[in-house]
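Undergrad: The structure follows.
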């Protein structure tokens, strides 16, 4: 040993570490440290058997689980590759392995990796990233804390399977392959993403890779290259090729098991997985108080050298590496009781390994030595090859840590070549405790590589380094849950809650908080859960996960942001009994502050503050209240300070300025208490004099109002919109009454004496005198005065006199503070200034307003929640122990190369033709392939109005390729003798993930050859998309193009601008199709472009005319259109649909020039053109003549069925439990109206009435007034609501309607449903017509009426209310109508109470809710899925069918569909005789089936029976019924009449019931109801139709639950047919007849119960209906439409503040113009906004009441205020609406004439009157709609 080492050995660990670093910097090493112990402090792993971490791995080992399984089908076909003969070509001798699930899943977003890069990354790299992160979390080392540190990464990798997979798809290889698959990138990426500065080394020594990596990591630590090391390895089996090769060696077990050391050993079975360990020097780990799992005492590596073969093991080398490791570890072999062997289970390898083990660890048997067990984890999970070493290492670490040796599987007797009799070695066949030993437990791990590299590691039990538990448990714990997004925070909270309820139930809460706060990464988003105990913590975490508010939960959006804190001290009014009691008991800093203040308090005030708080009695009298409040405020300030929260400025409100002065240092506590005591004592003399009132008026309005009351003065400037007045009680009450008439808030403020008023004047001289000797100091913290405008007041006697007398300038002070400060904390026992603060500060979210206590909530929990919101968690200051929390939950997505089998097939065949079959007759040919976007992802870059569409160029290439292939041209050769004529796209082909395509080449009898291209519908029908004629011509190749001698000159157009223009017309060309690199527009009406095939477009030798090239050439025709003549609009686009001829002369290559000519620029329905493609040599490569571009409307673009079908599904959504007193008390304070049916003539009604009565008794409280009425008594309802709305102290908050079922008979239910709907419209009229404040929320309550599960019949009467809910969401969104279905078998009112208490929380609300037991379900609109595999025939040949509403447009479409499908008899019901047009249709159908018309109203008795009887006449087999009868009469709920409701209700709902009853004895295949999208999506003006449709929906559910066939389709509007065309608007496009028939076929075949079918306009839904953002039902739609529905960059009303009046008016006008254009369906805004003037009434543009409602709702979303619907309908113009909004926003309009609201309304009324007079003179006949 060197002298340096000897001296260094005497140093402390810290000193030795510092010396070692210096030596490393000097270029030398530290020789004694090669033996330094290394601590294992963390483990991450994923192994077969669903092992996701050390706990699950140990459980697998302890249970002796064998994880080997047959090769999963997503890897390869095990049977196809299997052959027991090792010599079989291309086959393997095994079907088995150990596999990790979901190897294609990765959380790329978490690591900031793009999807494109993630696809190119080897999954081994991906899993290594995630497991490395998990290992650091297990170690308690926040990964982000390692950035910039000397942390090393050493990982073993040897497999290249994913590289092989990528090479198979060489056409799609991109730049990311170079960093996605090399092994060096795996470690480099970890170092890069975590910012690690230590060595990053990838190790490939085959099977020993990961153990060698661990050895290198230990060496690096000892040499001080690194301070922390991540070491391990990964192996995934993605390709069969390695297994095939190993089979040729006979290395793999034919039985699929590793029988280590056993006589049955026949080879190994491959496994896969990943393991990572976190290593530190033991001294560092002890210093850092890390949890040490085990210690690496020594390790060694060597090579076999020359042996019997390169892959043959060498016993001597294995013995040497073991000996070296033991020597370096300085331990004897007999101290090792367990060896984790290489143990592959091969006939050759096992005996050789045992020989080396016997020569080292085996000696000593019979000499009292303890035995040594041999194990191999390969018997559990297979041979993990590159990860095998780390798997065994982790097993050894866990074994020594837990003192238990797991059993070895598949061992019965020793391999005959092994003699263990003379050794201490044995194979444990049962798990057993570790043998007793004098020293620490020790184990060893061996790993031997195929190429000869060996590694051996000695592992030892960790020394006792446990951190002592904290001395005392905190009263509360703060759990910080962090994530990169709010969604990740929610999922982390859910996982943690589940863990704390299950595996982690025994973990102390303080340790959980400590681990979260100190040992986890802090991401951009974090939330905090404050809890006293485990149950509270779990409930808080679940609330956080569900997005529900709860006491003690601070979500991601509640944390204060920005610099600058202001402590705000309130005036009188925040006191309450028992304030501060919990804080005295729980918070030492608060108790200390009170105790230190108490002697001063007693001396100045005369009684004990401390005793007052302990007693908890109510403090009475102004002379006691004010001093106690100041004492409380000073103690609360010290509480904040004890956690490091210090104010940067202070503000006091009235008496609160005393506390502010003390905190700022201007007064001492003694002086402050003297001031408040003197002040309050003098005020007590005036007790009972004067009154004060809070007014919802700004200062100017308040001054103007009280000008007539000389004794009333302005006392407080509370906020920009609120003031407080003071004066004689009678005058104050008069002012209150005057304000109340304006529907504004006005109420008394409870005070002993009216301060800040002349009433105070008599005591002011004495106050000045008593405080004359006060000597204030300059404040150390800025005071922002509410008494004077001076920046820093002098807190002398004059100041305190003015403080009591002057008006409180609170909002001015807050406004001034808000310039430089972001967080305002109210210091008081209860928040009383919150509203004033939030009302004053800007609402853009840059300021945070908080409080300190809340009298209705747990004081300690509430304070710590506020503390967390500031960014401080109390438990961050406490100690604790690291616990094994669940790791970060990954948000996995699938990343994988394109399907390999498809790629292999495409490599051999044309990409768009596919498999070829030559027909036996006529020389016809057929090709079949899949052109879906999953198989051909590049085609997804060709979109029309957002939908991937097969380009016409693609069809043209298919025709060319088919003709060339069938006519004998080589697959990769151009065929100049082939001409395509009369090419036509008959119907666009929408592309889905998988889109099968069939191409047919037909030789006609006239020697003509045709190509036809088909897809197949879900109903099995072929749909022809394109046709072409093929001609074989001897035409010679064209040569040089006369105009192609050089680039043309003209007007250059930017390709980016050109593509942007195309996007405006609905054409989107993604990277694969954006091929134009140069565009020059020429004067002769042509354009020359340069085309380069993008890298994203695939290459293939089979292309004759690459679709991307031809598509770009067709784009060039559009580029030839002159400036100003846009080829299309937002609602229509010009698309190529036919070509006269296509000729290809020579190979195009990747680059070509194009000359495009416009031959006809007619702006009508189409344009004509031709193109010439010129190669680089100047030769013509191809020509296309007679190109026709047709104008295609947006609604004509087909969509796949999956994009048109919707469902309303139930989702469990728990509500956060609310402790009493509830936090939502403020949201329920006010007046409530409870309505129920007073008649109890049915059990359901009696139940509802009883529930209503119980609710009234429970809900009444001092803060809630409850009124009642009979729901069916209209006058009583109106009177009750007038009474509810008449109490200004308790404004209306909610209307609760209890709805009961009529009886078990459906006909009674039908009438009850209709009557209930009508009665609820009365409630709406009462609210909308008589109340002008914030609308109360409407609650509809039923008991078990909704069908949540499929087997629940429900009651149609209750379910019909869903239609009303959906419509009111748009007509009156402010009412937030909600249907709650309670479980009457449980405690329904508890659930209802929870709903009402939580109603005010969150930005979204649930509108249809069902409780089942304690489980809460909500309805969500979702995309539906369809499975047509059931495949039963939809229409039976020759059978009979009935269609109600059969003579309507939709009925006749259904009739034709039935006849086309083979129906024998179709009975059509109708109310009138057929028209001539209908007779013509019927006559045509009659030629193919028997058509019978039955006249009558299906809602009338006997008509339905007649329809069924007719269908069954003469032995007809009735197999299906379609109920399509309908009448629509648009009407807003507010104005709907009872007759209107009945006319709509009868055919849809009553008719459905009649058809249900009439078919009771029929054996039907299906009973289909045609319902409306209005009941699924909602539609303003469609309340009656929506409710009737919802009743039909529920009847279908009732039938299914009763075992009867039934289905319903909620149709959106059809084009040209159906009475529901009124629903067409800017949100729903019409369904074509073909689309409707496809849906009808598919949905009946799939046997779905309920499905909505509609073409939802993704680009306009949020524009037309901004209110859906606040409705949780539409969450999925909102997420889909957020980007598409944007109306541009609108900053909200705040964006107008900095504009001058003229600019503000223009901004408002432009925004309203965009809104109106979207609602009314104008694509050209100039229709709405002509140049000048802007006073054309909107009603003259076609505006109706429904549009007016939507314009109002849009204005509310944009500006926060709304124009009245009546104003819009009275003839208002865009100019008028702008003026009204400017007035409401408080912006001065530059046109003074428009500032008066009466002027605006008068002008609109005059226009309306003139139009009405003209209309009466014309007297048109009323329109009648029929069904």
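Cβ from N, Cα, C; glycine included.
These came from Swiss-Prot, pasted as-is:
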type: ACT_SITE; residues: 942; note: active site, proton acceptor
type: BINDING; residues: 1440-1485; note: NADP(+) binding site
type: DOMAIN; residues: 1706-1785; note: domain 'Carrier'
type: REGION; residues: 566-876; note: region 'Acyltransferase'
type: REGION; residues: 910-1076; note: region 'Dehydratase'
type: REGION; residues: 910-1037; note: region 'N-terminal hotdog fold'
type: REGION; residues: 1050-1198; note: region 'C-terminal hotdog fold'
type: REGION; residues: 1439-1617; note: region 'Beta-ketoacyl reductase'
Undergrad: Once near-sequence residues are set aside, which residues in the chain of residue 1452 (NADP(+) binding site), 6 or more away, have Cβ atoms under 8 Å from its Cβ?
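TA: In sequence order, 1446, 1468, 1478, 1481, 1617 meet the Cβ cut-off.
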Undergrad: Nearest by CA distance to the residue listed as 'active site, proton acceptor': which of the binding-site residues is it, out of 1440, 1458, 1464?
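TA: If we rank 1440, 1458, 1464 by Cα distance to the residue listed as 'active site, proton acceptor', first place goes to 1458.
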Undergrad: Within the region 'C-terminal hotdog fold' (1050-1198), count helix residues (DSSP H, G, I), strand residues (E, B) and coil residues, in that order.
TA: 26 helix, 68 strand, 55 coil
Undergrad: If you count, for each of the binding-site residues 1458, 1482, the other Cβ atoms lying within 10 Å of its Cβ, which residue has the minimum?
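TA: Among the binding-site residues 1458, 1482, the lowest count of other Cβ atoms within 10 Å belongs to 1482.
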Undergrad: For the region 'N-terminal hotdog fold' (910-1037), what is the mean per-residue pLDDT, to the nearest integer?
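TA: Per the prediction, mean pLDDT sits at 85 for the region 'N-terminal hotdog fold' (910-1037).
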Undergrad: Within the region 'N-terminal hotdog fold' (910-1037), how many residues are helix, strand or coil going by DSSP?
TA: 20 helix, 52 strand, 56 coil
Undergrad: Can you count the other CB atoms that lie within 10 A of the CB of residue 1446 (NADP(+) binding site)?
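TA: There are 30 of them.
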Undergrad: Go through 1464, 1470, our binding-site residues, and report the one whose Cβ sees the most other Cβ atoms within 10 Å.
TA: 1470
Undergrad: Non-local Cβ contacts of residue 1440 (NADP(+) binding site) (under 8 Å, 6 or more apart, same chain)?
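TA: In sequence order, 1463, 1464, 1465, 1466, 1467, 1511, 1512, 1516, 1517, 1518, 1519 meet the Cβ cut-off.
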Undergrad: According to DSSP, does residue 1458 (NADP(+) binding site) sit in a helix, a strand, or coil?
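TA: Assignment for residue 1458 (NADP(+) binding site) reads helix.
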Undergrad: Using CB atoms and a 10 A radius, I'd like the single residue among the recorded positions 942, 1476 with the highest neighbour count.
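TA: Most Cβ neighbours within 10 Å: 942.
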Undergrad: How would DSSP class residue 1446 (NADP(+) binding site) in three states?
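TA: Its secondary structure by DSSP: coil.
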